[in-house]
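These come from Swiss-Prot:
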- 3-20: disulfide bond (DISULFID)
- 13-41: disulfide bond (DISULFID)
- 26-30: disulfide bond (DISULFID)
- 45-56: disulfide bond (DISULFID)
- 57-62: disulfide bond (DISULFID)
């Protein structure tokens, strides 16, 4: 399966890793920069912790970088 591993950076996952994931969470700069985003491949969907969100899928390029809401001018 082909997953995004970074912004506009699709790569073929290693054997045995057939799940793409998008994990997001807030850090100290969340209010000014938005959530931290991690994209990648995994054998199984990562475990969701209380402070982050995880979305998993299993088709090629199904985990693009999330669109961040824009602030009004």
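In case you wondered, yes, glycine gets a Cβ from its N, Cα and C as well.
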*With residue 3 (disulfide bond) as the reference Cα, tell me which of the disulfide-bonded residues 13, 26, 30, 45, 57 is the closest one.*
13
*If you count other Cβ atoms within 10 Å of each one's Cβ, which of the disulfide-bonded residues 41, 45 has the most?*
41
*Count the other Cβ atoms sitting within 10 Å of the Cβ of residue 62 (disulfide bond), across every protein chain shown.*
17
*Note down the number of other Cβ atoms within 10 Å of the Cβ of residue 26 (disulfide bond), including every protein chain shown.*
14
*Fewest other Cβ atoms within 10 Å: which of the disulfide-bonded residues 13, 30, 56 wins that one? Let me know.*
30
*Sort residue 30 (disulfide bond) into helix, strand or coil using the DSSP assignment.*
helix
*asked:* In whole Å, how far does the CA atom of residue 45 (disulfide bond) lie from that of residue 30 (disulfide bond)?
replied: 24
*Note down the number of other Cβ atoms within 10 Å of the Cβ of residue 3 (disulfide bond), including every protein chain shown.*
27
*Mind checking which of 20, 57 has the fewest other CB atoms within 10 A of its CB? They're the disulfide-bonded residues.*
57
*How big is the Cα-to-Cα gap, in Å, between residue 57 (disulfide bond) and residue 41 (disulfide bond)?*
10
*Within 10 Å of residue 56 (disulfide bond) (Cα-Cα), which of the disulfide-bonded residues 13, 26, 30?*
none
*Which one is closest to residue 62 (disulfide bond) in space, judged by CA to CA distance, out of the disulfide-bonded residues 13, 20, 26, 41?*
20
_Please give me the disulfide-bonded residues out of 13, 26, 30 that lie within 10 Å of residue 20 (disulfide bond), comparing Cα atoms only._
13
